[in-house]
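Chemist: This structure is in structure tokens; I'll ask about it shortly.
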Amino acid sequence: LTAIPLDGDQPADQPAERMEDGESTPNHPWFDPVKRCCTALCSRYHCLPCC
């Protein structure tokens, strides 16, 4: 078994963004575009993934 580090440009390297509340995660007020995650109120019904 060989482990290869992920390089960040493949779909498997970036978790799918789920939009269960009908809002687009990148447009969410708590979304940090630099870190590509949310900074507050992390839950399955709000901004995902959490920082």
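Every residue, even glycine, has its Cβ placed from backbone N, Cα and C.
In case it helps, Swiss-Prot gives these features for our protein:
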DISULFID  CYS37-CYS51  disulfide bond
DISULFID  CYS38-CYS47  disulfide bond
DISULFID  CYS42-CYS50  disulfide bond
REGION    1-27  region 'Disordered'
SIGNAL    1-4  signal peptide
Chemist: Within a 10 Å radius around the Cβ, which one of these disulfide-bonded residues has the most neighbouring Cβ atoms: CYS37, CYS38?
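Modeler: The residue with the most neighbouring Cβ atoms within 10 Å is CYS38.
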Chemist: Indicate whether CYS38 (disulfide bond) is helix, strand or coil by DSSP.
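Modeler: Looking at the DSSP assignment, CYS38 (disulfide bond) belongs to a strand.
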Chemist: Looking only at Cβ atoms, how many others are within 10 Å of the one on CYS50 (disulfide bond)?
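Modeler: If we count other Cβ atoms within 10 Å of CYS50 (disulfide bond), we arrive at 13.
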Chemist: According to DSSP, does CYS50 (disulfide bond) fall in a helix, a strand, or coil?
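Modeler: DSSP assigns CYS50 (disulfide bond) to strand.
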Chemist: Determine, to the nearest whole angstrom, how far the Cα atom of CYS37 (disulfide bond) is from the Cα atom of CYS50 (disulfide bond).
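Modeler: Between the alpha carbons of CYS37 (disulfide bond) and CYS50 (disulfide bond) there are 5 Å.
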